[in-house]
Structure formats: C-alpha cells, structure tokens
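Chemist: One structure, as structure tokens, below. Some questions next.
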Amino acid sequence: MTKGLYIESYGCQMNVYDSLMVEDILRPLGFAAVQRPEDADIIMVNTCHVREKAAEKLYSALGRMRMLRKEGALIVVAGCVAQAEGEAVFERAPFVDVVVGPQSIHTLPELIMKATRDAKQMNVEFPAISKFDVISTDLLVSRGVSAFVSVQEGCDKFCTFCVVPYTRGPEYSRSVEDVLAEVRKLADGGTKEVVLLGQNVNAYHGTYKGNEWDLGRLIRKVAEVEGIERIRYTTSHPRDMHSSLYDAHKHEPKLLPCVHLPVQSGSDSVLRKMNRKHSVQEYMDIIDTLKEARSDIALSSDFIVGFPGETEEDFEATMDLVRHVGFATSYSFKYSPRPGTPGAEYTNQVPEEEKSSRLHRLQHLLLTQQRLFTKSMIGKTVSVLVCGTEGSRSCSNEVFGKSEHMQPVYISVDGDPAGYRNKIFSVKVLEEGARSSLKGIICTDTISLPPPHSM
C-alpha cells in the first residue's frame, strides 16, 4: 500500500533539489508525493535559514502541520534551520518526530524507521560519507523539461552576514562521473535543460579519472550528453570566476547567456566588512570579461542594504554600480542579523527606517533596469524552450516557455499545445507581457538548438 509524503520546501534551488532527492530515497519504502499534508503519512518541512525570521517561520508552519496531520503521521524538520536549531526544535515543537540537516538527508530511511517506534530522531552531523555517495542515480525519476543537478555544496567563504558555512558545511564537489550519470538519466527521461547547482557553484573542483576539473570543463562535458540542449549554473561567487568558465561562455552554445553573480554592495568599505574577498573594481572587471565573452549576456545579482556601518555614501556607491552594470534582474534585501555570524555582533547597526528607505530606492532602480531589458527584446528573435501550458494564461492556443535569458515567454500556437512541449523554437517577440514576460509567435517551423554565437 502506498504511503503519502508531503514536503513543503522553502528557500533556494538547493532545497528544491534536496526535496526531490527525499522523494527518490523514500520511494523504495512505499512513499509517494501527495499534494495535501492531511493526506500524508510523513510531513516534511524543508527549511531555509538565509532570510529574516527563518526560525519563526518554521514554527509557524509546524503549528499548521500539527493541526492538519492525520493520526500516526510523522513530522520531519529538514534543511538549514534544522541544522542550526538542532535539539531546540524538539524543545519548541515537541510533536516533531525527526530533525535532519541538509547533509544528512540520506539517513532519512533509518531515522524514519526508528521514529515509528516512538523514539525521536535527530541527525545534524556533517558525515564523512557524502549523501551523493549513498543516493544512487537509479532512484531518479523524470524531472520534466528542466531539472536541477547539484554539483557542489557548502561554502568556505565565511561572509560575515551569512549562515551557509555553518549550516551546509565546507565546500564539497561531486565527481564528474556522478554528475554525468545523473544528467544522462535525466536526459533519458526527456529533460532538455539542466541547471548545475551549488552554494558556490563556480568553486566546483570535482575529479574525473584522477584529475581535478573546474566548472567550465564540467559544462563542456555535460554539453556532450545526448538530449541536453541547454545548460545553466547558479549561484556563483566573484572570487571563483576563472578563464575556463569565460571560455565556456564564449565557445559553448548550449551554455545559456545568463549569469547570476551576487555582489551584495558597491562599496569597498562594506565589502571588506562583509568579508567578500573582492573589490568593486574586481567585480567590474569580471562583468567586463563576461560581456566580452558573450555580448548578449544577461546579468543578475544579489544586494544587501543597511549592513552595519553602511553610510549614505556607501549606499550611493551601490546605486552607481547598478547604473554602470545594467542588470536584467536582481534580488535585494534589508540586512538582518543572523545568530552565530560575525555581523550579528557588530554594534553600528543601521536604523530600520533607513534600511527600508534605501531598499525602496534600490529596488526602484533595479525594477527600471529590468523593464528596460524586457522592452529591449521586442522585435527580436529568441530561442524558447517550451515547458507546456502550466504557466500560460487561459488561452487554449497558448504555450509557455523560457527564453535563453530565462524570461517567461507566452507563445500563440496552432493546433494542440501539448505537441509543442519540451521542444525549442525560434520565437519572434511581439510585445511585453505582465511581470516582465514576453509574448510572441513561432517564426519558423524548424525546431532549433540554441544558436552558436560569434564575437
């Protein structure tokens, strides 16, 4: 008899990937995903510790799950808040049955079996054996048109605002062989696009036949897998950009022209306090090199405003950087102290009112740039991977896809929309849609691969 598994996942793409991995490893035990917590025999909350009040959001979610769960169902807390809180989860929510950190999710089958015997279980260790060494690609099922593939985890940078090194552990890279095995399995299931994931994905240093490979070299190898037509990677750190990756952007047509490269601040003074280990000029040099490698590249970034000690001059330096680069899209947040990080101990905290004011000004500028980038696509022909009709509007003759710059594209089509799914088309952009999306029509009946570019 099939048992229900309900997972509520918060935060980054890595958590989404981990949640899918949990589905894979529990499937042999008879579990299958369900859409409602009240139908589940296991309810799992996969948490993120990066954003503000992460722990409070967890306990609020747990309160809901407690009310909804059926008799005998287990509640599991996973992810980075589980790693950070540990035993405190049981103290604040004694109805929780299992607490497991992100690097120990491969132990869930054992933890669950023990928990069914009325004994609470916890594993928040950083085990010597990686979860990737335990979880076989044979367990993978089809992930759809686009799929995440984790290639690197953890962080050794220790930015003073960030909890990731403490919750995800040190940097670890999967072997090239393991990555390729997963990509091939996904391609066999119909996946056309893979997104290579890592906390610092461009710090990748996996081995292949005894030799260490970097991310640029891995990308070229992934591009050789039959059926894979698009490759992306996220998230990068400026310190780990290297010539091999630039070359991949210049010469590998399957690597999409989009890079997410967080800078956090445009002030050298703030960057030093953040322990970012790069300067504004070094970041700008990276941007220039990326644009030289691929002239149509779309750039995105992360920004934190109101970091302790940030002055108005520091903030204006961030605004100047944004104006100079011209981002296609970006994410911006007010600084909030994270317990256990050096930034939380700094005394010169910026008043909340000032943080809010700066965030509003920055987001207005970033949104203006995003709109300009969207409008610049009108009249152009873009390569679109059709995902299906799930994201489309109510029109029966419309499909939804993503451009090579990851913009949502709605396409008017003839015939059955289902026949367009999981294929790449050249699309003429006719107009801007809602929320920075595009609308267009297929300009050729020929299904095309992402076109090679020339410099």
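Placed from the backbone N, Cα and C atoms, the Cβ positions cover glycine too.
Since the structure is predicted, the reported quantities are computational estimates derived from the model, not experimental observations.
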Chemist: Please pick, from CYS80, CYS155, the residue that Swiss-Prot records in the [4Fe-4S] cluster 1 site together with CYS12, CYS48.
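Modeler: When Swiss-Prot describes the [4Fe-4S] cluster 1 site, the candidate it includes is CYS80.
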Chemist: Can you give me the Cα-Cα distance between CYS162 ([4Fe-4S] cluster 2 binding site) and CYS48 ([4Fe-4S] cluster 1 binding site) in Å, rounded to a whole number?
Modeler: 12
Chemist: Looking only at CYS12, CYS80, CYS155, CYS159, which of these binding-site residues has the biggest number of Cβ atoms within 10 Å around its Cβ?
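Modeler: When each Cβ's neighbours within 10 Å are tallied, CYS80 leads.
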Chemist: How far is it from CYS12 ([4Fe-4S] cluster 1 binding site) to CYS155 ([4Fe-4S] cluster 2 binding site), counting Cα to Cα, in Å?
Modeler: 15
Chemist: 10 Å Cβ neighbour count around CYS162 ([4Fe-4S] cluster 2 binding site)?
Modeler: 22
Chemist: Hey, what's the Cβ neighbour count for CYS48 ([4Fe-4S] cluster 1 binding site) at 10 Å?
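Modeler: If we count other Cβ atoms within 10 Å of CYS48 ([4Fe-4S] cluster 1 binding site), we arrive at 20.
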